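K.L.:
Following this message is one structure expressed as structure tokens.
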Amino acid sequence: MGIIPVRRRTRPAPRPRDTDPGRLPELLVLVCSVVAAAVALAQPLVLGRTLDLLLHDGSAGVWLMASAALLVGEVLLDGLTALFTGRCTADWTAAVRSRALTGMLHAVPDLAGRYSPGDVATRLTLNASDAGGLPATRAALAASLVVPAGALVALAVVDVWVAACVLAGLPALVLLLRAFAHDTGASVRAYQRVQSDIAARLLETTDGAETIAAAGTAVRERERVLTPLTELAGLGRRMWVLHGRALATGGVLVPLLTLAATAVGGLRLGAGALSVGELLAVVRYAQLTAGFGSAATLLGALVRGRSARERTTALERLPALSCGTRTLPPDGPGTLELRGVRVARDGTEVLRVDHVVVPGGLTTAVVGRSGAGKSVLAAVAGRLIDPDEGEVLLDGTPLDRLTRPCLRAEVGFAFARPVLTGGTVAEAVAAGPRTVSPHRIRQALRVAGADTFVRRLPGTYDTRLADAPLSGGEHQRLGLARAFAHAGRLLVMDDATSSLDTVTEHAVDQALRRSLGTATRLVVAHRPSVAARADLVIWLEGGRVRAVGAHRRLWTEAAYRAVFATEDHGTEDHGTEEHSAVSLGTEHGTVPLGTGDGDGLRRDGTPPARGKVRP
Ligand SMILES: Nc1ncnc2c1ncn2[C@@H]1O[C@H](COP(=O)(O)OP(=O)(O)OP(=O)(O)O)[C@@H](O)[C@H]1O
């Protein structure tokens, strides 16, 4: 057997930045912005003094140099502020994105599934970068308040009357900014929601390209994707209008304020209370006091950042399954027990299992019509979701008491449409809770009936997934191989062989029985052949267990046969024995559970001794 080459990394993979970068980057932005603001504030005073000295006797050496130094300092500080702002935004964007992604990946799959892929993509890209800019924007906004406040103080120092005049006009500007922030907030939230909606529709379309082509609905689909654009454009226009209106109103108020300050300053100059230089400083300070434009822009960015942060936080705070501290006793048989399990969705009970035991080391099929609750049962059995009531035990230990590594190592899943991760075929199979050897990967591929086609791929096991032209069944078999490679004591297979032909499916089943030893299998099945091969069948109807027993026994029930009749197997006969079952009264009437002597099953479906349940 050849060795599967393992791709070596030349350097370690970058660690995800889940932890926030702290306050330092924001503080640096704040300090630089505040110092830059202080420099801007000092300039009118120093320039005014320089002008007075020049007008007086023409010698203003030190003051002239101070003016030049302030100008150079302002340029440098602006550069530093831009640098720290970029750094702060990049670090926070990475942290916000990483935390949202982590929250998403650890969340209960059911809850995470409520966010469409397009919505998640928008939150992790556009929204994360807007949210990442929030700390720097906050610092810049705080610093931008230093200028008007400082200018007002400076005005008061130079001339209290001019300061009083400016102060009288400020409330109008503050009210204007408040109204702008409020109105913009609603539009920004709606804008971000519609962006997500368009992204979701786009992804649905690319995902369903074949269906759309086959149905000839391309034109209608294009309209469906683009429909929200009208609303988006409207919201965008509204935001520009709000911004423009605020700037225009400010554009009138600020010159009026400056004009009033200049007039009062002129009067004070005429009265001999101010020098020419001081008048220059007063006019400049009046302009700085009403520094409205930058505040409005920063306020807009702040509102956008906050709304975006709410959207990324929603992913970050998705409830995750909490895990315990226990591990399983070694060499347990893998017996699964569901006790008083209830699962409700949107106020409706979708699964109710009073008591069922899935025997260790055997294969149990879960059958029922579409929507009967098979996948919900599989998800509860492998703790992808927690039941709303009741408990699920593996070898006597409740699943929610197990540590996360133990849970994922001991309970494996294979799905109908597995998502393959990793660069190559071998990496896709190796991805899981355990480190698996190349030998184990090949063995798993063989058991899944995938080894032959993988060896025909251009780079065999190291073929990049993107370069591997996989059919639906081949894709599914790689998912099976991954599950087999990491198999613990329980393997849950939710429709995981649905794309395989019956011959291949049978071969996989046989290989699995030989190679996995005692692993317990819970198999969601639509085909009677799968149920027939299983040691035990759990028959679900309307979210409830209608019966538990051997397939042959259940086959005597017309209602049981009807489950498969809808699956195109109506003519297959798998129940040849007489109907002589032990019965259990349920909400569906009297239902066969077993013969009482033939299959030897207890009412909960547990065989008193291993191996006796085989029909
Ligand atoms: N997250 C959910 N939110 C709301 N309802 C849900 C959710 N998950 C499952 N259901 C509902 O629970 C019921 C059982 O679903 P489930 O997927 O288990 O059916 P199934 O037997 O596996 O069907 P199929 O054979 O078609 O796959 C369905 O009515 C389904 O609509």
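Even glycines carry a Cβ here, placed using N, Cα and C.
When I checked TrEMBL for this same protein, it listed these features:
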- 27-304: domain 'ABC transmembrane type-1' (DOMAIN)
- 336-567: domain 'ABC transporter' (DOMAIN)
- 1-20: region 'Disordered' (REGION)
- 570-615: region 'Disordered' (REGION)
- 58-77: transmembrane segment (TRANSMEM)
- 139-155: transmembrane segment (TRANSMEM)
- 161-181: transmembrane segment (TRANSMEM)
- 246-265: transmembrane segment (TRANSMEM)
- 285-303: transmembrane segment (TRANSMEM)
K.L.:
For the transmembrane segment (246-265), which stretch among 58-77, 139-155, 161-181 has the most Cβ pairs under 8 A?
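P.N.:
The stretch with the most close Cβ contacts to the transmembrane segment (246-265) is 161-181.
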K.L.:
Against which stretches of its own chain does the transmembrane segment (139-155) lie, if we need a Cβ under 8 Å and a gap of at least six residues from its ends?
P.N.:
26-27, 29-30, 33-34, 36-38, 40-41, 44-45, 81, 85, 88, 162-163, 166-167, 170, 261, 281-282, 285-286, 288-291, 294-295, 298-299, 302
K.L.:
Mean pLDDT for the domain 'ABC transporter' (336-567), as a whole number?
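P.N.:
It averages 89.
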